[in-house]
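**Q** Can you keep this structure in mind? I'll have questions shortly.
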Amino acid sequence: MKDLLKFLKAQTKTEEFDAIKIALASPDMIRSWSFGEVKKPETINYRTFKPERDGLFCARIFGPVKDYECLCGKYKRLKHRGVICEKCGVEVTQTKVRRERMGHIELASPTAHIWFLKSLPSRIGLLLDMPLRDIERVLYFESYVVIEGGMTNLERQQILTEEQYLDALEEFGDEFDAKMGAEAIQALLKSMDLEQECEQLREELNETNSETKRKKLTKRIKLLEAFVQSGNKPEWMILTVLPVLPPDLRPLVPLDGGRFATSDLNDLYRRVINRNNRLKRLLDLAAPDIIVRNEKRMLQEAVDALLDNGRRGRAITGSNKRPLKSLADMIKGKQGRFRQNLLGKRVDYSGRSVITVGPYLRLHQCGLPKKMALELFKPFIYGKLELRGLATTIKAAKKMVEREEAVVWDILDEVIREHPVLLNRAPTLHRLGIQAFEPVLIEGKAIQLHPLVCAAYNADFDGDQMAVHVPLTLEAQLEARALMMSTNNILSPANGEPIIVPSQDVVLGLYYMTRDCVNAKGEGMVLTGPKEAERLYRTGLASLHARVKVRITEYEKDANGELVAKTSLKDTTVGRAILWMIVPKGLPYSIVNQALGKKAISKMLNTCYRILGLKPTVIFADQIMYTGFAYAARSGASVGIDDMVIPEKKHEIISEAEAEVAEIQEQFQSGLVTAGERYNKVIDIWAAANDRVSKAMMDNLQTETVINRDGQEEKQVSFNSIYMMADSGARGSAAQIRQLAGMRGLMAKPDGSIIETPITANFREGLNVLQYFISTHGARKGLADTALKTANSGYLTRRLVDVAQDLVVTEDDCGTHEGIMMTPVIEGGDVKEPLRDRVLGRVTAEDVLKPGTADILVPRNTLLHEQWCDLLEENSVDAVKVRSVVSCDTDFGVCAHCYGRDLARGHIINKGEAIGVIAAQSIGEPGTQLTMRTFHIGGAASRAAAESSIQVKNKGSIKLSNVKSVVNSSGKLVITSRNTELKLIDEFGRTKESYKVPYGAVLAKGDGEQVAGGETVANWDPHTMPVITEVSGFVRFTDMIDGQTITRQTDELTGLSSLVVLDSAERTAGGKDLRPALKIVDAQGNDVLIPGTDMPAQYFLPGKAIVQLEDGVQISSGDTLARIPQESGGTKDITGGLPRVADLFEARRPKEPAILAEISGIVSFGKETKGKRRLVITPVDGSDPYEEMIPKWRQLNVFEGERVERGDVISDGPEAPHDILRLRGVHAVTRYIVNEVQDVYRLQGVKINDKHIEVIVRQMLRKATIVNAGSSDFLEGEQVEYSRVKIANRELEANGKVGATYSRDLLGITKASLATESFISAASFQETTRVLTEAAVAGKRDELRGLKENVIVGRLIPAGTGYAYHQDRMRRRAAGEAPAAPQVTAEDASASLAELLNAGLGGSDNE
């Protein structure tokens, strides 16, 4: 018994490990793994089907084919365990050793490992500093390489062709050594002195200045150092021994019909062995050189194919013309080891079936078909049957279950009670795609799902399928109940709003129930309470919509949290009073005293959750659903064709539009408008007509006229079914109703351009053939787009998860004072997102002061919940500095304070929460709702007319920021600064509106002045950019020579003449170096200085500038000297939707990025080249000026002599995030990415909390480049993990040494994922070969910090419930204790074992 125990214990030992190291294997190491050399290419004997000796499946090397039985059958059974049979040489043991025992092949000639040769950059090439082409020519026996030059004039590593080699042999004899093939490369690698080489390179690095050379040297130094530090030897990149995979990992399976299916690896190994044996024989026979050489080359090719088929030359194909799957293919790609078997596994105890509605279920239940339950809970049933003594053995229990005896069903009921199951719907885009429910047994074969969780699963009942999984262990059940139960997931992790919200029928029912109707039956009654209201409705004495007075008792929480009753008479309707009966105590009646649409219901649930907490909300949600379904049925709302009322005015609106179009067509034919203008105008006309039709239609549907009690006519909101569905938010929208009853409108071609003839018909009238044909265009594109979108969105999610997967909350507070300023999002005249929405659930980074005072309103480190936000609003605070994950100081992970509230739970986040994955899911999940298209500007699609003025909407005072201005002759302010912002401040000091004011705008109101709503405060000419003078005086022309630098033009219509400055390309040779300018002088002809500087007022004019002044005229400050025509920038495409989000997270540079000032200083222009201008910025403090070449066609925003600040825009365009980071810092780039991503999502009406985007930005910023190494051991220009630099600097500063200086890097998410510290995580993401090659050469250690690495090695993840386990292990390791292994004595164990063997599977009662 005891040795059986020992034996069992030996079988189940698990390795405790903290890190995984990858390195090159030395030949000795490979031999030490091996259990014998494979010498023959044979696999199994075709007659006996036994493995051949010394073959690829040899039992002597790899172990027995049957458990505890040798091959010849001499020794069988357990008692001979460990004996080696003398007849067939097979050890008697378990078969499963055939999965772990390796063999080896001794190669007759060394071969290069293709990964280190061909995986770019070639490691062998870098190490030897030879080009890859040369190395390949040596390896594949085309040329010789000199290994030892000796006393000759041949250099080491010199490449010799056949002829050169023979010549050298004649000349020098055996003075020198040159070889070909892998032996040559191996000899070269062996004779390298890595440390000396390293020294030499470092010296070179210090001497050289050229950038390319430095780069190359740093690369080599890094590689050499990696070899030195990791203890890898370079010659190990050449294989002399080839390991052979255990046979059960490359199986050979007999098919029926006597054929065999085999793994491709066997073919590849067979090739290697055949060629190797042939080469050995040739060497023994001392065959001619050329034959041996050919055989060696073939061996090299065979080994290449085995390791990575198709990497070099054509892939070796099998019998069916398909390339063979090599070792490298086994691990990479979606079907490879990582993604198929390690990151995703099939699980047992699971089933799947179609889903149907379970409208009678409670929120925490799901209906499980009895058949499925019986199958899924089998082990529990067997155990219970035995425990009850209803079955003596497991076999008997099995029989009972198979016969489905009556008692089995009772047992099943018991087993299932309070045993949660998990329901999952693919695709699982966020964590709410798997939730736990308590099963309720049902007849039939479909799973029943609670309607309210459909939104979270994105499920509908048109044939969707769902999978059921059973959590087996007690811990798993506990986790499922405490964390994954549907009742615990009421709020969405993406935005903190309820995700359990009624939709469709329920909304319609509640809306119908809470509508009011003029002169309904029972109007004007006074009722004693909701009970009476219900009685009257049920007996038919009052209509659901009757306006009545009802006595209502509300309960409100007082300061102590006690409920206080308050009764009053309310004007309401019968339906609302009935609905009040299900509303939990503590909510105000006003919440139901309105027509409830979808938004109102969602708000109602949210309020309930915030005031009363989880349990009442769940009960309330269920009640809402039951009530909604009941009254939707009562309403009898149905759609008939007469509900689609076509407006009478439709016909005349369309004929008016047609007349306008005809007129424009005439203008076009007479040449007054261009084809483009005509197209745009036609589209505008039709878009306007469409809007008018749909407005007329909605007005028509919206109201109906009824007779009230006094016999007068009165308008009321209509009870039209279609209108009710759209108005309540149950189904449909105004746009869809427009297609049913208005006109379908303009259609787009697949390329996105708009067809100029609209579809004037609607679906009620029906479409004619042409209209139908035009419609198919758009419909088909929609379908193609959807398919594309799903794949793209899935890939984006995968990249996001990969970059953020190792980010976990690891401490409570990192103590930083850093943070980001939060202000409301204001675009033009409307607040897109108020401040409270942005700061809710964040932690303040500094004390928030009461505006205008020094009183602290909210102290530092406060989690801002709803009540705090109300306080901020009351005191009209419009900017709050909050903590952010981007500025968090925690080394690995982030702290709870920088993250703030856990959106799905409503309290501050717990330690161990995997915020990275949550962020990735929250951003990726709505990806499928985003559009795929790029918007072309033009047509009605998205035409913003060039703005030429600012008109405010609200009254208040004006506040200008970063403004320079002058006062012109009429006393108005003229703006002379570039990025001026105009804000409208209301009487409480809150920013209501915000506008950008361009250079040259004339302001009607000054800074701080009051304006009324609707007033125009600024205007400008959108088509030209003026040059404004800042001083008064007389104009003097400099270098303005007619015919050389300027030309005169006279306008035909007005007869005014103007001067146009010629572009440098149009000038004569003499005019090339002239710089046309306007100088301002005083009456005596002396220069006038620009106020505040010592520079004369001189304005250089760029090409194409138009001057309408004559030399010597008097001007005053604020006047326009010249105008520069602007090309209309309206033809660029705006990338929108999903591609835009991907571009932002990949940190791609836009095509023509904005040019930003690298330093602060004064702008001037240097010598021009053919196509470029030289921009020079001279700093004021006299340090070195900065020069940049800018293409001539770029429009510059700055004039010569103007002062710019670092990071100012010099030339317009989309800004590149890298530039923002470099010039304006981390916070600016965070703000930029967050705002840009939010813009895309906001357009689609998707709410995502900013935190999630910040989390991804933090991960994009996790690398830094060393600028100056200081006393640290980093290399200059090396890219290192930001946290590593921080830790190193902290240690250096503690020792009083100089830390390293660095600049933060912004990496795109793909790059960032591949650059992670963990090679396992990177390899399982993309480019597996490259990642593993790099890691092996450097001998990398994977500390297993992230989630992915731990999943792959099969451990609990260091997040969630696994966080405690990992913390515990770290504590123990720090204390130097042994890992807690279960200590069992043999006696205890044998007793319990005996019990087990006798009892079978006896579970206990508390299952």
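Just so you know, glycine gets a Cβ as well, placed from its N, Cα and C.
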**Q** The Zn(2+) 2 site in Swiss-Prot lists Cys814, Cys895, Cys898. Which one of Cys869, Cys888 belongs there according to the record?
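**A** Zn(2+) 2 site check in Swiss-Prot: besides Cys814, Cys895, Cys898, the record includes Cys888 out of Cys869, Cys888.
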**Q** In whole Å, note down how far the CA of Cys88 (Zn(2+) 1 binding site) lies from the CA of Cys888 (Zn(2+) 2 binding site).
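**A** Pair distance, Cα basis, whole Å: 66 Å.
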**Q** Please work out which residue of Asp460, Asp462, Asp464 has the most C-beta neighbours within 10 angstroms of its C-beta, and give that one of the binding-site residues.
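**A** That would be Asp464, with the highest Cβ count within 10 Å.
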**Q** Can you tell me whether DSSP puts Cys814 (Zn(2+) 2 binding site) in helix, strand or coil?
**A** coil
**Q** Of Cys70, Cys72, Cys88, Cys814, Cys888, the binding-site residues given in the record, which has the fewest other CB atoms within 10 A of its CB?
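**A** Result for the binding-site residues Cys70, Cys72, Cys88, Cys814, Cys888: minimum number of other Cβ atoms within 10 Å at Cys72.
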**Q** Taking the centroid of the Cβ atoms of Asp460, Asp462, Asp464 (Mg(2+) site), which other same-chain residues have Cβ within 8 Å of it?
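**A** Filtered neighbour residues, in order: Ile355, Ala459, Phe461, Gly463.
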**Q** Rounded to a whole number, how many Å is the Cα of Cys88 (Zn(2+) 1 binding site) away from the Cα of Lys972 (N6-acetyllysine)?
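**A** It is 107 Å, counting Cα to Cα.
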**Q** Can you list the residues of the same chain, besides Cys70, Cys72, Cys85, Cys88, whose Cβ falls within 8 Å of the Zn(2+) 1 site's Cβ centroid?
**A** Leu71, Gly73, Lys74, Tyr75, Glu86, Lys87, Gly89, Val90
**Q** Tally every other Cβ atom lying within 10 Å of the Cβ atom of Cys898 (Zn(2+) 2 binding site).
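**A** 29, counting other Cβ atoms within 10 Å of Cys898 (Zn(2+) 2 binding site).
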**Q** Give me the sequence-ordered set of same-chain residues, not including Cys814, Cys888, Cys895, Cys898, with a C-beta within 8 angstroms of the centroid of the Zn(2+) 2 site's C-beta atoms.
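**A** Everything else in range on the chain: Glu811, Asp813, Thr816, Arg883, Val885, Ser887, Asp889, Thr890, Val894, Ala896, His897, Tyr899.
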**Q** Taking the Cβ of Cys85 (Zn(2+) 1 binding site) as the centre, how many other Cβ atoms fall within a 10 Å radius?
**A** 20
**Q** Measuring CA to CA, name the entry from the binding-site residues Asp460, Asp462, Asp464, Cys898 that ends up nearest Lys972 (N6-acetyllysine).
**A** Cys898
**Q** According to DSSP, does Cys895 (Zn(2+) 2 binding site) fall in a helix, a strand, or coil?
**A** strand
**Q** Three states by DSSP: which one describes Lys972 (N6-acetyllysine)?
**A** coil
**Q** Could you state the whole-number distance in Å separating the C-alpha atoms of Asp460 (Mg(2+) binding site) and Cys72 (Zn(2+) 1 binding site)?
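**A** Cα-Cα distance, Asp460 (Mg(2+) binding site) to Cys72 (Zn(2+) 1 binding site): 61 Å.
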